[in-house]
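Colleague: There's a structure below that I have some questions on.
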């Protein structure tokens, strides 16, 4: 049998988080509830932004994109994981595995770039507030959003192509809950150093470049805020950045810790737990953070809820 014929397997086996049946059932219930909260929470955020004209600003345009990305990312991983919690056979065809890897990597990359774009939006709001509406006009916002989606997708296509060109016929068991890139690369029976370098370089470009832009923007933001003499002005400045900064710390921090670390001593359980955090918890936390820490969103919720009795009575009549 030639080498070319050895590079293809009919299916991969996802080992998941646990082999214990009771644990799998418990995780199925827990993750199902969290997935429903993710979909509902982000849908309500998008709907609220759509209905409230006061939220028709660049920040909330990007937040709408972020909510769509969060729901899509969770959907690329969680339904498959839920099925495998209850299924006896936990196989996944290579084509579906490659598709899952492409979408999860792409959507993750889009989120990183979007957070950098949102950091620029906060930079203009804090450092150049008088020209905010002129700088952050609709055309620029659309181009920045398109750039985020295109850059994440192109990076994902490159990494997925490199990963699935590796021969993996000796071992088809993926020690992960999904087709995660590092777990798939470890299946190869050839030297994967060049592939790991390519993945590392791509990760550095897509993660560290936006992260550095975010870092620079917040250095400038903080220095500008500290120059404000009034305490009320400082509080307003920090409040402008609070929600976004919280999401940035959680999102970038966990992902950089996962992917930009020495590959000679991988901690598989650690990678699984961090992936659970990013796929399950982050999409739940984002709408909560932007709702609980944002006066404009809370005000829009109160306004919408205050209108519900009137709408209900009109519908009743």
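Here the Cβ of each residue, glycine as well, is placed from N, Cα and C on the backbone.
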Colleague: Of 273-292, 293-312, which range does TrEMBL call transmembrane segment?
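Modeller: Range annotated as transmembrane segment by TrEMBL: 273-292.
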Colleague: Mind checking which residues reach the transmembrane segment (197-219)? Cβ under 8 Å, same chain, six or more beyond either end.
Modeller: 109, 112-113, 115-116, 119-120, 122-123, 151-152, 155, 158-159, 162-163, 181-182, 185, 241, 245, 248, 252, 255-256, 259-260
Colleague: Cβ pairs under 8 Å only, please: of the recorded stretches 25-48, 60-78, 98-120, 273-292, which one is richest in them relative to the transmembrane segment (132-150)?
Modeller: 98-120
Colleague: State the residues, same chain only, that lie 6 or more residues beyond the ends of the transmembrane segment (98-120) and have a CB under 8 A from a CB inside it; answer 'none' if no residue qualifies.
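Modeller: Answer is 59, 62-63, 65-66, 69-70, 72-73, 76-77, 80, 92, 144-145, 147-149, 151-153, 155-157, 159-160, 163-164, 178-181, 184, 206-207, 209-211, 213-214, 217-218, 244, 247-248, 251-252, 255, 278-279.
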